[in-house]
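A quick write-up on the structure given underneath.
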Amino acid sequence: MSNYHVAVLAFPFATHAGLLLGLVQRLANALPNVTFTFFNTSKSNSSLFTTPHDNNIKPFNISDGVPEGYVVGKGGIEALIGLFFKSAKENIQNAMAAAVEESGKKITCVMADAFMWFSGEIAEELSVGWIPLWTSAAGSLSVHVYTDLIRENVEAQGIAGREDEILTFIPGFAELRLGSLPSGVVSGDLESPFSVMLHKMGKTIGKATALPVNSFEELDPPIVEDLKSKFNNFLNVGPFNLTTPPPSANITDEYGCIAWLDKQEPGSVAYIGFGTVATPPPNELKAMAEALEESKTPFLWSLKDLFKSFFPEGFLERTSEYGKIVSWAPQVQVLSHGSVGVFINHCGWNSVLESIAAGVPVICRPFFGDHQLNAWMVEKVWKIGVKIEGGVFTKDGTMLALDLVLSKDKRNTELKQQIGMYKELALNAVGPSGSSAENFKKLVDIITSCN
């Protein structure tokens, strides 16, 4: 087994590389004699490998494809993704050859973020197994797998005014709102680097030797059943926030969030956190502040200082008795505190899983990517939260959502029961004989038999 060498290809944007590394660390721990070479940009690797790691995980830097002196303009992250993909396959193949020479071990398996769609071609050229990781929900993978079917049934670029139309032909989905499909399926720029990447991925991922997913089977039974029938070894091995929780020793609470929560009533606090890549525009920040003030809802808000200037004048002073704004919060600890009654977020997949793990209902304000689809599932399928009225924060819409989720009435009870049920299912899935634990064992076996 000491000759096994897994090439791991990371997607170096947002939280993707960290999620892939978390799974690799679990595999490296289970397979101490297998070498895992983690191919990633130097910038991403340097942020991930800050503490000692397993001896059998070897970080290997590759180029990000950005020309010297390049200035990020209006294209933003999309442009950087395009530059990365332009040379990624060649850069990775060269790096893999160097890693093989350095280690004296040929590649026996290619593991990758599913966004690295060409990793399947690399595995095929090497005649080894290919294991792409899908870091989001089974449902969002499904719509990319069925993009051609959706485009056949829905005229591309023709959805304006039809956003509320209900689709019933996508396998695994009883119903799906047309406007809840991710951008790039039938709306938005279908030729952008990101849209093209997702389309290619959806068309090629069926060739995978195994397809691990950052979710648990009990969350999406009909979708999982359909995808299991389409793929070899479709393996839900998450939620990663439960299987690979961050080491508590590294978590600080420099702003005293937990001590502040200790003084609040049980289930009364709205925790607001939009992650690292999505912040509402100024008018929505102002509307949220007005709603919190008028409703006198206790709140803990994780927000960078530079955004505070958009609040109504005097807001911080007037709400100081029941509100706290910090530039960073220990989110997992905050959500698991008994005083928190709702999590207001962008409906990114990591945030949804953290809500489920903590048993805290959600108010969603989706922005891009899979956010709209996640919001649909949260509100209409799992019934563990609500999407903000109209999809953007207004004062009245925010007050309505807060009232729906925090009021001690039938709706609040139903939300808490639903998310409590999914919390229990998630914990059982990652338990000793749970579905995710059993799927992980299968993945371990596949790693050592896929060359």
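Heads up, the Cβ atoms here are built off N, Cα and C, so glycines get one too.
Positions annotated as signal peptide by Swiss-Prot: 1-30. The anthocyanidin binding site annotation in Swiss-Prot covers His16, His144, Gly369. Under the heading active site, proton acceptor, Swiss-Prot lists His16, citing similarity to another entry as support. Summarising the annotation, Swiss-Prot assigns active site, charge relay to Asp113 and lists similarity to another entry as the type of evidence. Among the features that Swiss-Prot reports, UDP binding site is placed at Thr276, Trp328, Ala329, His346, Asn350, Ser351, Glu354.
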Report summary line: Cβ-Cβ distance under 8 Å, sequence separation of 6 or more, same chain as Ala329 (UDP binding site); the residues meeting this, in order, are Asp253, Tyr255, Cys257, Tyr271, Gly273, Leu300, Ser302
Report summary line: For His346 (UDP binding site), the closest of the recorded positions by C-alpha position, picking from His16, Asp113, Gly369, is Gly369
Query - Coarse DSSP state, helix versus strand versus coil, of Ala329 (UDP binding site) - result: coil
Query raised in the report: In Å, how large is the greatest distance between any two Cα atoms among Thr276, Trp328, Ala329, His346, Asn350, Ser351, Glu354, the listed binders of UDP?
Result: 17
Requested in this report: Report the same-chain neighbours of Asn350 (UDP binding site): residues 6+ apart in sequence with Cβ closer than 8 Å to its Cβ, ordered by sequence.
Outcome: Thr15, Leu19, Asn241, Gly275
Query raised in the report: Compared by Cα position, which of the binding-site residues His16, His144, Gly369 is the closest one to Trp328 (UDP binding site)?
Result: His16
Report summary line: Glu354 (UDP binding site), DSSP three-state class -> helix
Query raised in the report: Near the anthocyanidin site, what residues other than His16, His144, Gly369 in the same chain have a C-beta no further than 8 Å from the centroid of the listed C-beta atoms?
Result: Ala114, Phe115, Thr135, Ser136, Ser140, Pro182, Leu198, Asp370
Query - binding-site residues compared (Thr276, Ser351) - the one with the fewest other Cβ atoms within 10 Å - result: Thr276
Report summary line: Using a 10 Å radius on the Cβ of His346 (UDP binding site), the other Cβ atoms enclosed count 22
Query - Nearest recorded site to Glu354 (UDP binding site) by CA-CA distance, among recorded positions His16, Asp113, His144, Gly369 - result: His16
Query - For His144 (anthocyanidin binding site), nearby residues of its own chain (Cβ under 8 Å, 6 or more apart in sequence) - result: Pro182, Val185, Leu198, His199, Met201, Gly202
Report summary line: Other C-beta atoms within 10 angstroms of the C-beta of Trp328 (UDP binding site) total 14
